[in-house]
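Annotated features, as they stand in TrEMBL:
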- 12-38: transmembrane segment (TRANSMEM)
- 50-77: transmembrane segment (TRANSMEM)
- 372-395: transmembrane segment (TRANSMEM)
- 422-736: domain 'IcmF-related' (DOMAIN)
- 886-989: domain 'Type VI secretion system component TssM1 helical' (DOMAIN)
- 995-1099: domain 'Type VI secretion system IcmF C-terminal' (DOMAIN)
Amino acid sequence: MDKDKKHPDSITVASTTFIAAAAMTLAVLLGGIIYWFFATEASTEWSQILPILIICGIVWAMAFCVAALVFAGWQLWVRNQIKRASKEGIKQTQRDKQAGQMTLTGRISRAMRDRYSFFWRSKVRLLLVIGDQAAINLLLPGLEENQWLEGQRTVLIYGGSLSAEINAEKYASLRKLRRGRPLDGIVRVIGQGLSLDPGQSDDDLRGLERIGELLRYQPPVWLWQLCASGWSQSGRTEQAVGVAFPLRAAPDDIAHQLENLLPELSSRGMSQVVENNGHDFLLRLAQHLKNGGISLWGQQLAPWLYASQQRIPLRGLAFSLENREGAGESAAAPLVAGRKNTLALPATWQAIIDDCGRVRGRRVGFAWERMLAWGLMGVIGIWGAGLLISFALNWQQISTVASKARDLVEHPAVSDAQLTSLHSLRNDAGSLQNHLLHGSPWYQRFGLDHSQQLLGAMLPWYGVVNNRLIRDPANAALAGKLGALVNSAPNSDQRAQLAKPGYDQLKAWLMMARPDKADGAFYAQTMKAVQPELNGVSKGLWQSLSPDLWAFYISELPHQPQWKITPNAALVNQSRQVLLQQIGRRNAESTLYENMLKSVRRNFADVSLEDMTPGTDARRLFSTDESVPGMFTREAWEGGVKQAIDKAANTRRDEIDWVLSDSRKAVSADLAPEALRARLTQRYFTDFAGSWLNFLNSLRLNPANNIADVTDQLTLMSDVRQSPLIALMNTLARQGQAGQKSEGLSDSIIKSAKDLINSKDKPVIDQSALGPQGPLDESFGPLLQLMGKNKNNDAISADSSLSLQTYLTRITRVRLRLQQIASASDPQEMMQTLAQTVFQGKSVDLTDTQQYGSLVAASLGEEWSGFGNTLFVQPLNQAWETVLQPSAASLNQRWNRAVVANWNTAFNGRFPFAASKSDASLPMLAEFIRKDTGRIDRFLVTELNGVLHKEGSRWVPDNAHSQGLTFNPAFLKAVNQLSQLSDVLFTDGGQGIGFELQARPVPQVVETQLTIDGQKLHYFNQMADWQSFRWPGETYKPGTLLTWTTTGSGARLFGDYVGTWGFIRWLEQSKRQRLDSSHWMMNFTAPDGRTLQWVLRTQLGNGPLELLSLRNFTLPAQIFSVEPGALGQFADEGDVIPMDGVN
């Protein structure tokens, strides 16, 4: 039967595939035959049949693939639906289980909260009862059915058998029932006749471990053994029978506890037998334990003890009879009638209930509450210990410093002990300062660090002793040394000897009076020679400790200005005079520089333009009245200036410092002769560069009046043998290299070694390599770079393609082009053609070379702007103007004929251009101003694309290509005004303006009715609202009509403006006030004096009001401003240029 059922299914896929393939083959074959029969007329030629067969094969393969994909997709969809249905079923089952468990815990929580208030968790014990289903039913009838029972502040929860699969959802919900301690204990019920063999114990322990993991808490476990009786035990007095085990119970503890139970079992059993000889449960239990039961339990409980496992805490063992009859001898009384989940617990449970309140389980996994508590206790402990340590150390430090300071003040006699104590106190002050600067040690912090306060309190005490032992003796010693210098005989050997250290002694003495000049190291070094010993102190100890005390005193002086001294002013002045006489210092740098130039000036003549361009006729190109002083030339530098600077630097100091002057200048760090030499050299080359720049920027290019003059100038400039430009540049290259120093071999080797060692830290761009190699590189560097004379190969150039040779080559190219024009049969026509290529945006040699010259001039920098403009920009500008001026006049005429004449014919004397009853043609206005396709835009794009471009809706001249041309400002203003009007008139692409009107209420006017090209706005003092309009409107009778009605009269006519421009004529009658960028208040004064108001909201700009700006508008006849003489050069051209030719 099964075989018959499977057979049809097994052939379904194969048969379906075969049928589908056959159907596709038949369809493709039929289509191919039809195509062969009709398209090729049943041709039998192989060349006709082969393509058909190939196409049929491709179509069949594609159809088969598509069918296979569809079939596979269908199978996957069916399989996915089956899996989804299966998963949904599983998920639904899990949700049902979880909902059941949540319902269980919810019922327990709700019932306990209703009975024991919101804090029931601390009042109720939760016990989980597990074991065989039959055993649990015998011990607690109804527990399995109700899942939980409650009585005497104890909740018993049904846990089921440990051999079954653990319900994870149930225990997860129980964990949420009481988070800290989910259960107070677990009762494992062992049925009659069952024993805890090792296998059963292992299964139970694993199940209990799993429950603990789910609860994240391992409760204590009690084992409950059910016992049987051969006869009825009804009427027997019940009591808790069992033993409790310690936490780490051993097998001996099990035996000991059970043995201690025997006497009580025997005593109570005898008393119960005496009352009823059938109540022998306790006696039989005692007899069973005595006859091997204790040893048996010791063996069975061995796997449960701490020595075998540490996770499950076994707490105790209980015994009771089975509840087979439901009599009074049962282990649990019947359920309370009429009250679900309510149970009256018998006395047999009392021991476990009492015991579970005394014992606790243990956490499983990470107990964050305990870790947090321990962490807080650790932090508090560490902080407390830190406070104690910090207190002890700071107290010790404060008391020690106070004791030292007190001893120093109380014993003023100068002695070794005093000096030693002062040095110790100085070390304490230095330690405190280091703490303030870098932070105190961690063990002195914890909020008890008093370094700042202790230092502030200690320094005044330290200052008292320091002034007595250090400052006052040093003051006396320095004053004595300087007094000996002043009192020595003038020009004597003694004065010369005393003057050598006198400067340092005076400087050290003045430091004691001027804290802002303090230098501890210098002061200590000077005082070693001034005060080698102190009376009352051993020489060795003094020389060992005094330098540190001197340095600390002078270093701390800026912070303790009360420690300074007041030196003898007379002694200071006398010392300065003596030292000045001995050292011979003079503040005469300017005098030195002027005297040096005077000594050189008479030896070198001034340099003129002719001197700089020998062998050439420079006056044909340039003119200037300036010259370069002869002392600012390379010949003067190498022949006398350098030597004069060296002499001045070696015989003079640069300026008097603060020690020898009454001024408050800081000590100069460059008093050495090298500093003076560097300053004089820098000053000289600054004047050197300034003189040359002044001369070069004064050069002016001779004007050229025609193309012949321009050609002659360019020919002279580019001639290698006779070019004044080349001769001048060669002179500048030589002069610009004055004072350069080539890098020596040793310097190169040292630099290479440093780069090799520091290769990892080497920057991407070595800025040291970019520094000037000569004093003139900063000024002449760009010029030398242009001529290829800058030997600094690592320097960054703005454009490495810029060079003088390239510029001259381009000049030659332009010159040849201009010569070609001059020698042509019609030079003006050829010149005009050249200019038109520029106007139309086509690049030519002249424009490229002009741009290149501008780049060359810009690369020289701002300082060389006049020179660069004269040499590299003006020659080409003159050529440019010579070509463009006549062409500009011709273009003005073409503009006038092609556009302006037609404009004037169409719009002159017509509204809105003039106050006339004749209206201008709106379509014709659109023909002129429409963006891109209008006559004006087409002319500008076609004829002026190279010199004029559009930025947004504004026409802007091209600064690069329009040099030499002056655009007529009125022309630019007019075309930009029309361009703006075009944006407004053609906002949505079609011809027309969209706007909105809102009528405003007017006193005593009850109704206004406005009609604009058939579009009506009727207002009768209702709430004002916006109404959209479009002008011109779509109507055969355009015009604008306004009527109004007052409270005392009927409808009255304000105005009837017929025609397309009627609306604009109506707007012209208004008084307009701009409210914001898109709103206008329109006021119309009626014949009776009342003011009718509308608010106009525009979509772009001023909307229809933009047309009112056309009043008195005229289109300028000139694009460029040209000289009057240029207009007659092309007067013989045609009259009118048709606009069809402007594409």
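Each Cβ is built from the backbone N, Cα and C atoms, and glycine gets one as well.
Curation does not apply to TrEMBL; its annotations are automatic.
Outside the transmembrane segment (372-395), and at least 6 residues removed from its termini, the chain residues within Cβ reach (under 8 Å) are 443-450.
Sequence-distant contacts of the transmembrane segment (50-77) (same chain, six or more residues past either end, CB-CB distance under 8 Å): 16, 20-21, 24-25, 27-29, 31-32, 35-36, 40. For the transmembrane segment (12-38), the list of distant contacts is 48-49, 52-53, 55-56, 59-60, 63-64, 67, 71: same-chain residues at least six beyond its ends, Cβ to Cβ under 8 Å.
Counting residue by residue with DSSP, the domain 'Type VI secretion system component TssM1 helical' (886-989) contains 56 helix, 12 strand, 36 coil.
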